[in-house]
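Enquirer: Got a structure here, written out as structure tokens. Questions coming.
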Amino acid sequence: MTTQAPPSALLPLNPEQLARLQAATTDLSPTQLAWVSGYFWGMLNQQPGTLAATPAPVAEMPGITLISASQTGNARRVAEALRDDLLAAKLSVTLVNAGDYKFKQIANEKLLVVVASTQGEGEPPEEAVALRKFLFSKKAPKLDNTAFAVFGLGDTSYEFFCQAGKDFDSKLAELGGERLLDRVDADVEYQAAAQEWRARVVDVLKARAPSASAAQVAVAATGAVNDVHSSPYTKEAPLSASLAVNQKITGRDSEKDVRHIEIDLGDSGLRYQPGDALGVWYQNDPELVKEIVELVWLKGTEPVTVNGKVLPLAEALQWHFELTVNTANIVENYATLTRSESLLPLVGDKAQLQHYAATTPIVDMLRFSPAQLDADALVGLLRPLTPRLYSIASSQAEVESEVHITVGAVRYEIEGRARAGGASSFLADRVEEEGEVRVFIEHNDNFRLPANPETPVIMIGPGTGIAPFRAFMQQRAADEAPGKNWLFFGNPHFTEDFLYQVEWQRYVKEGVLSRIDLAWSRDQKEKIYVQDKLREQGAELWRWINDGAHIYVCGDANCMAKDVEQALLEVIAEFGGMDAEAADEFLSELRVERRYQRDVY
């Protein structure tokens, strides 16, 4: 249902808060809306006189501040579980997204807990960039009266494992904070470590934090991070959906194989918004499983135990273990286990282990350094299979019970043997139309269209980074939003790699897309990228920014996102008449105001 908002002057909510409230309630029935209204009214009135009290009692309560700094949802889930544990222990706790945290109040925190994931080359999640920058700036206050604990989430397949958590932990201590507990760095399989850490945090805080009344506990619970996204389908309990369309959208001679994938959600009622991601559980290639099994002189029928169930080895490898991403830990453990003459020299050398893992898939490590393993030893080396996240390329305002994604199939060769990405090749090659795909929605409130439909939008998305902007334009078209829209897109070749070309041309013709700037890096001698187009259009870009435009960036975190940010800083400095430091501060303010949002990976 659609509700006409009252004039902003009458609202106690800012436009972004109002947009989140409207998004949270858009699919509720009248009965559900009435229940929600009564629920909030009841919480507000659990104590006599609360109704007339001034707002924001949570901020004034003494107690624990719990900051969630999440990129893919894992840190958020850990933080929410800890919040529930603390509330169950009748402790006063406020849970807040790092992006919503007023970081200048950190000097007033007495008990602070941070749950932080890491992305890219050791960088914090997008929602925590401003907080980290503040803590590492000259403006950071002394924290002599603050006690803190940090839980870091990461992936040992990356060089800068849990770096964001390490950075928060070291800086909070450097500023004078007292560690409640030593930092925990958790790998992809983080659940057991998180459960143990949560129990320790609760025990420590029981002796430090004030107890909360029932009313305070209820009010504190409203500080949860986006609990409004309720669905019976989750990462742990995904929806079994049906693959409807698998269409190659790059040309015959393109070096890239990019697929437009449409998945039918049926009558599941699964809802998403532009900016959200689709989680996809995949199965490994049976041929890869067979190759690995044969390389260690096994048959695949050997029994192994996975999550308490006994399965044949081949089935376990296909459904439950990560086979396409190697890590330094796997290399080191395999070298130690097999006493491999070629791998043992790498043990203890972090840089060499990391390089070997990044350039040598597990199957080729087994081929180059062969050894006979029993089934339990093999699975003991491996990490659990985890779902892949894809930026959603559709809006339900247009596609209703479907969800679309844009998938770049990962393909390469090692010594003449074809290798492929686990999830991308599953979607591109191994799922037939109407075949089953297990999916869930990973909501991302840090990548949202402006609440005001008149606000201009600047979208920067080379390669498959174009995906969420297709969703944005579908939504803006359906809403008949009057705000201007400007797209920057790039890829190697115009004739082979112009993803969704006909759709963008239609949006331009219809006036939905006000401007489009294209960068083809291989169509001329000099390579041209989207960041070059940003500089080229600097004066007009600055005019849009001055008119209140929101800037969105999607795609590669390691190179593109950094190059684009540098170009934006140069444009701001040149056309805004600022020095480098002032331009950096200006862009940081845009981020805090949610006018500069990134979905990078």
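Glycine too: its Cβ is placed from the backbone N, Cα and C atoms.
What Swiss-Prot records for this protein is below:
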type: DOMAIN; residues: 64-202; note: domain 'Flavodoxin-like'
type: BINDING; residues: 70-75, 117-120, 153-162; note: FMN binding site
type: DOMAIN; residues: 236-450; note: domain 'FAD-binding FR-type'
type: BINDING; residues: THR324, ALA358, 388-391, 406-408, TYR412, 421-424, TYR601; note: FAD binding site
type: BINDING; residues: SER521, ARG522, LYS527, ILE528, TYR529, VAL530, GLN531, ASP563; note: NADP(+) binding site
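Explain the structural surroundings of these features, please.
Expert: Around the Cβ of GLY120 (FMN binding site), a 10 Å sphere holds 20 further Cβ atoms from the protein chains shown.
Counting every protein chain shown, the Cβ of THR324 (FAD binding site) has 20 other Cβ atoms within 10 Å.
Listed in sequence order, ILE460, PRO462, PHE488, PHE489, GLY490, ASP517, ALA519, MET560, VAL564 are the same-chain residues at least 6 apart in sequence whose CB falls under 8 Å from the CB of VAL530 (NADP(+) binding site).
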Enquirer: Average the pLDDT scores across the domain 'Flavodoxin-like' (64-202) and report the rounded value.
Expert: 95
Enquirer: Under a three-state reduction of DSSP output, how is ASP563 (NADP(+) binding site) classified: helix, strand, or coil?
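Expert: SS state of ASP563 (NADP(+) binding site) = helix.
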Enquirer: Taking the Cβ of PHE161 (FMN binding site) as reference, which residues of that chain separated by at least 6 in sequence fall under 8 Å from it?
Expert: THR118, GLY154, ASP155, ASP185, ASP187
Enquirer: Which of the three DSSP states, helix, strand or coil, fits LYS527 (NADP(+) binding site)?
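Expert: Going by the DSSP assignment, LYS527 (NADP(+) binding site) belongs to neither helix nor strand, so it counts as coil.
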Enquirer: Given a 10 Å Cβ-Cβ cut-off, pick out the one of the binding-site residues ALA423, ILE528 that has the most other Cβ atoms nearby.
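Expert: Counting every other Cβ within 10 Å of each candidate, the maximum falls on ALA423.
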Enquirer: Just how many other Cβ atoms lie inside 10 Å of the Cβ on GLY421 (FAD binding site)?
Expert: 19
Enquirer: Out of SER117, LYS527, ASP563, point to the one nearest ALA423 (FAD binding site) in space (Cα versus Cα); all of them are binding-site residues in the record.
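Expert: Considering only the listed binding-site residues, the nearest one is SER117.
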